[in-house]
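Beneath this line is the structure, given in structure tokens, with notes to follow.
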Amino acid sequence: MWRGLWTLAAQAARGPRRLCTRRSSGAPAPGSGATIFALSSGQGRCGIAVIRTSGPASGHALRILTAPRDLPLARHASLRLLSDPRSGEPLDRALVLWFPGPQSFTGEDCVEFHVHGGPAVVSGVLQALGSVPGLRPAEAGEFTRRAFANGKLNLTEVEGLADLIHAETEAQRRQALRQLDGELGHLCRGWAETLTKALAHVEAYIDFGEDDNLEEGVLEQADIEVRALQVALGAHLRDARRGQRLRSGVHVVVTGPPNAGKSSLVNLLSRKPVSIVSPEPGTTRDVLETPVDLAGFPVLLSDTAGLREGVGPVEQEGVRRARERLEQADLILAMLDASDLASPSSCNFLATVVASVGAQSPSDSSQRLLLVLNKSDLLSPEGPGPGPDLPPHLLLSCLTGEGLDGLLEALRKELAAVCGDPSTDPPLLTRARHQHHLQGCLDALGHYKQSKDLALAAEALRVARGHLTRLTGGGGTEEILDIIFQDFCVGK
């Protein structure tokens, strides 16, 4: 239905367009003079729908659609009757807000129409706006693209806005909001200023090296600034994987011998019946994955086949896939039957999977492991019976839920260690583009340190500074901008 409504509005302006699409090559570039309009709120029936415009004809559109005709007080809500400028027919009684540029989201004159969210109302207002000369439907992400073009947002802030729109967990929301607030951009600008000062010192020495009036230690000061920046860049690059996990999700793999309760735990954590639970060993024969929100962190939870040998070819393929997922896991939930710790399968699992991951130091591997002893409801008050020596572990009963709170708290701590704390940690690198430019900057600083020729050293500093400038959007190519803005839909 909504695509049909949008098509009607588009046809009234300049021919049909899709509701959510990449910017076409023929679309006017931001700042071309066209005024754009779009439905900015969600699709479907709702109490209030928000329709916005941006561009020089926004004030004109507001005047001819409303009564009285004068513009309302800037940035104050005003109740107005909306009418179709072609027929004079009333469309809705709505709240309108007038945002004269440059004090607006896009930096241009903007209007917001807060109308009743019925399809007929929204359709009527969109068609009315499409009939106003100089107005056309917005392309995907065009409002934000204009904000970027007009200097209201830098590129990292644009990416933060996209991440905020798509955030599904508390941690993702916090990280996206910090990036939207400009923390990563401010950090990069500070680094760029450091490089500018270092470059000024080097070029001063090149131009006035034999001048008695030149301060002593100019090159040494540049070296100190570069070394400090190398340390800072290296620290952020080491943390890059944490930011990518926070944006894309932490891979948590549940593994263990058959019938340890792996599928029951996956169902418990995901709060829905993802996996089939059966007392028959080998029920799970493939990897089942489900995205979940655990303690505010995004997680891709994988249920895997029980690890054992000497089974049929189908289950053996499931075991192979389970071991493959184990190698890819960020966090392993190792499950054992607390009432059967002395069995060969339990002892073998402890000696192989648990021991091998536990032997790794955090500096050698990003993998972490929690050992969970399930079926605690079958234990005597004294706890687990005779068996192998156990590393630190958690007791849980998937049947009764006893021990679940302790497991969730342990998971929260592990996920915070894997992803970082988006509330207090330094700004994280959430995209491969960020990592690429910081690595390029670090490589260029390495060339600076190795250069015997001061002219080549100065050029290396320029290259390093260029990477930081491009990270925040300076000198970015249209292709890169198109990739970033394709994450937005019409109206944003």
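Including glycine, each Cβ sits where the backbone N, Cα and C put it.
For 1-20, the entry in Swiss-Prot reads transit peptide.
Annotation comment: Swiss-Prot describes Arg52, Glu112, Lys152, Lys492 as 5,10-methylenetetrahydrofolate binding site. In the structure as shown, the Cβ atom of Lys152 (5,10-methylenetetrahydrofolate binding site) sits within 10 Å of 19 other Cβ atoms.
Per Swiss-Prot, domain 'TrmE-type G' is recorded for 249-416.
If you look up Swiss-Prot, you'll see 256-263, 282-286, 303-306, 374-377, 397-399 marked as GTP binding site. The secondary structure of Ser397 (GTP binding site), as reduced to three states from DSSP, is coil rather than helix or strand.
Sequence annotations record features per position, and here Swiss-Prot assigns K(+) binding site to Asn259 based on similarity to another entry. Summarising the environment of Asn259 (GTP binding site), the number of other Cβ atoms within 10 Å of its Cβ, over all protein chains shown, is 20.
Positions annotated as Mg(2+) binding site by Swiss-Prot: Ser263, Thr284. All protein chains shown were included, and the count of other CB atoms within 10 Å of the CB of Ser263 (Mg(2+) binding site) stands at 24.
Long-range Cβ proximity for Lys375 (GTP binding site), meaning a same-chain Cβ under 8 A and a gap of 6 or more residues, is found for Gly261, Asp337, Ala338, Ser339, Ser397, Cys398, Leu399.
You'll find the Cα of Asp286 (GTP binding site) roughly 49 Å from the Cα of Lys152 (5,10-methylenetetrahydrofolate binding site). Annotation note: Arg52 (5,10-methylenetetrahydrofolate binding site) sits in a strand segment as assigned by DSSP. DSSP assigns Ser263 (Mg(2+) binding site) to a helix. Straight-line distance linking the Cα atoms of Asn259 (GTP binding site) and Glu112 (5,10-methylenetetrahydrofolate binding site), rounded to a whole number, equals 58 Å.
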